[in-house]
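Please read the structure below before turning to the comments.
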Amino acid sequence: MPERYNRVLLKLSGEVFGGGGIGVDADVVSAKAREIAEIANSGVQVAVVVGGGNFFRGAELQQHGMQRDRADYMGMLGTVMNCLALQDFCEKAGVDTRVQTAITMGQVAEPYIPRKAERHMEKGRVVIFGAGSGMPYFSTDTVAAQRALEIGADALLMGKQGVDGVYDSDPKTNPNAHKFDELTYDEFLSRDLKVADATAVAMARDNDLTMVFFNLEMPGNISRVINGEDIGTTVHR
């Protein structure tokens, strides 16, 4: 792992925004926004992809009989609500931000344009990506990998809720689960690990994008990962 990443894509799940519940937990989002602002103000270029699971999950709605593409679009709109919440708290913490969405909604966000996102980051702004890929059937993990590649990020930081890395089985149900400090992409995929979408990991492998899985709940962990501290699990070639 390098001493310090210069440009990162941070993936935040919707569960983080909800603090484990439905809607937005202002205290939790405010705390993460302060961390992100501190990192951006230190000179690291930061982009964020946010999920919408605290509002809607397309796959779960499908299980209840809803058409999958419509359910996914509902999930995408949920991510935009999270984007706006994070934007507000980041700006209160002292860093300029821009929200870009894959579904056009000019009153609240810019359209997603990779080159424009890069220019924003070069100027010290945090760029927050919402509305997934703008298309159904794509997970937020896959969108995060795609966005990281499009903006030339040094690494994709996968902030996790309730787990501090990648394990060989679910540590919540198996007290003997083994945590990996490092994995290759192929090891991750061959073990069929469920902590991230396989399509996202395959995309990272094919383009040599480092992924770091870490516990987002621990204060200061985002900065620790960016500065090269050995926490979480690094997935690379």
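Glycine is no exception: its Cβ is also placed from the backbone N, Cα and C atoms.
Here Swiss-Prot has D72, S133, G134, M135, P136, Y137, F138, S139, T140 binding UMP, and the candidate from G52, G124, G152, G159 in that same listed site is G52.
Going through Q63, Q161 against Swiss-Prot, the one listed in the ATP site together with K11, L12, S13, G14, G53, R57, Y167, D170 turns out to be Q161. Listed ranges 18-23, 30-35, 216-221; the one Swiss-Prot annotates as region 'Involved in allosteric activation by GTP' is 18-23. Helix, strand and coil content of the region 'Involved in allosteric activation by GTP' (18-23), in residues and according to DSSP, is 1 helix, 0 strand, 5 coil. Non-local neighbourhood of G52 (UMP binding site): G14, G75, M76, L77, G78, T79, V80, M81, N82, T140, each in the same chain, at least six residues away, with C-beta under 8 Å from its C-beta.
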